Amino acid sequence: MGLPVVAIVGRPNVGKSTIFNRLIGERVAIVEDMPGVTRDRLYGKGEWLTHTFHVIDTGGIEFGETDEILTQMRYQAELAIDEADVIIMIADSRTGVTDADVELSRMLNRTGKPVVLAVNKADNPEMRADIYDFYSLGLGEPFPVSGSHGLGLGDMLEEVCQHFPAEDDEEKRDDVIRVSIIGRPNVGKSSLTNAILGEERVIVSEVAGTTRDAIDTPFERDDQSYVLVDTAGMRKRGKVYETTEKYSVMRAMRSIEDSDVVLVVINGEEGIIEQDKKIAGYAHEAGRGVIIIVNKWDAIEKDDKTMQRFTELIREEFKYLDYAPILYVSAKSKQRVHTILPKVNEVAQAHSMRIPTAVLNDLVTDATIRTPPPSDRGKRLKINYATQATVKPPTFILFVNDPELMHFSYERYIENKIREAFVFEGTPVRIWTRKKT
């Protein structure tokens, strides 16, 4: 089932994006400054007390050229119906209840999903007290908030979290590998999903999200349990969704966040385009295990150098995914589909690998002897010791005399030495420097 999804809807200019940015906090920042690794201000992850959830700013999606407010709101409501466990409707305390608010509240009431009404721009006590008219919308208690000042959001989130579906015990099992299949439209995600599941003799069940359309599909193969994340996301949508690039990116981002290993699917017939790089960049930035799948490989004319040339192209276009294995398959003919799950197992194992501290420090010491650390104005970097902080992805901390002396190239050198000594295929390796205390 993955993390709960909260959709923010409302008519234009009520402050949806301001509240969205408040909820996701610093996660909107771009982690790495390299091509293909960007973050749209459309979708993010929020936290409140012990709860973590996805947030969708439906106002960030433009469906067509129409300026008709009601049409735009209807699209927002449809998106919320498809995606959300809980819907936050934003209204404006300064304008009061409008006809558009009334119409939107009726749409949302028909979804049958929990709706929390937030009355924004209630920036002072008088405005916070004067919201009783909003009870007329029939959405229960209105919560006065100020997105610009951060006021009232705690009470609103407390109500939102009350409606989250209970977490399935199956979701918590460490031995289950969660896999998502992502890519732009028409690369063959649905066919690949069916090809993978079609090879399985034991499909345990289809577990539907309690209040949303997304379906995770558990299955087993050779005594290993898997969950294919959000297979409902592969279904054909209406034209408005199929033609909306941002929608497919948002869908991919949510699947990535809920996964251990991500299969990035490329259409071998069409080659690589900018949207491929954007979607793959999200998988890298999220720190998930990554396998690049070139689909429809049976449909192109080949010579003995074709695969080599395509591999070189992938390595050039996806420089930040140089650790990701590449598989050439055909979902339609099932060619090499049998190689996918064994590779998923290898990547998942690497993604959760721990290196003993003593072994890690021996490796780092040897690396610094072979290539001494850099110096700046007579002061040389000294790595005192190293430790592995976390897994998924493997993250290492180097305690040093002065973090400012650590150059990116030397950090990459240490990463390469770690990769040479241990099999970290398919997983990013994070290295952080801290000042030794």
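Using the three backbone atoms N, Cα and C, a Cβ is placed for every residue, glycine included.
Under the heading domain 'EngA-type G 1', Swiss-Prot lists 4-168. Under the heading GTP 1 binding site, Swiss-Prot lists 10-17, 57-61, 120-123. Sequence annotations record features per position, and here Swiss-Prot assigns domain 'EngA-type G 2' to 177-352. What Swiss-Prot records for 183-190, 230-234, 295-298 is GTP 2 binding site. Annotation comment: Swiss-Prot describes 353-437 as domain 'KH-like'.
In this structure, the binding-site residues N186, K189 were compared by how many other Cβ atoms lie within 10 Å of their Cβ, and the smallest count belongs to N186. Its Cβ placed at the centre, N13 (GTP 1 binding site) has 9 other Cβ atoms within 10 Å. Within the set of binding-site residues G10, N13, K16, T58, A122, the entry lying nearest in space to N186 (GTP 2 binding site) is T58 (CA atoms). Just so you know, the Cβ of G183 (GTP 2 binding site) picks up 22 other Cβ atoms within 10 Å once every protein chain is counted. All protein chains shown were included, and the count of other CB atoms within 10 Å of the CB of G10 (GTP 1 binding site) stands at 24. Looking only at Cα atoms, W297 (GTP 2 binding site) sits nearest to T58 among the binding-site residues G10, N13, T58, A122. For the domain 'EngA-type G 1' (4-168), the model gives a mean pLDDT of 78. On its own chain, A122 (GTP 1 binding site) has S93, R128, I131, P144, V145, S146, L151, G152 as residues at least 6 apart in sequence with a Cβ closer than 8 Å to its own Cβ. Taking H, G and I as helix, E and B as strand and the rest as coil, DSSP gives the domain 'KH-like' (353-437) the counts 31 helix, 24 strand, 30 coil.
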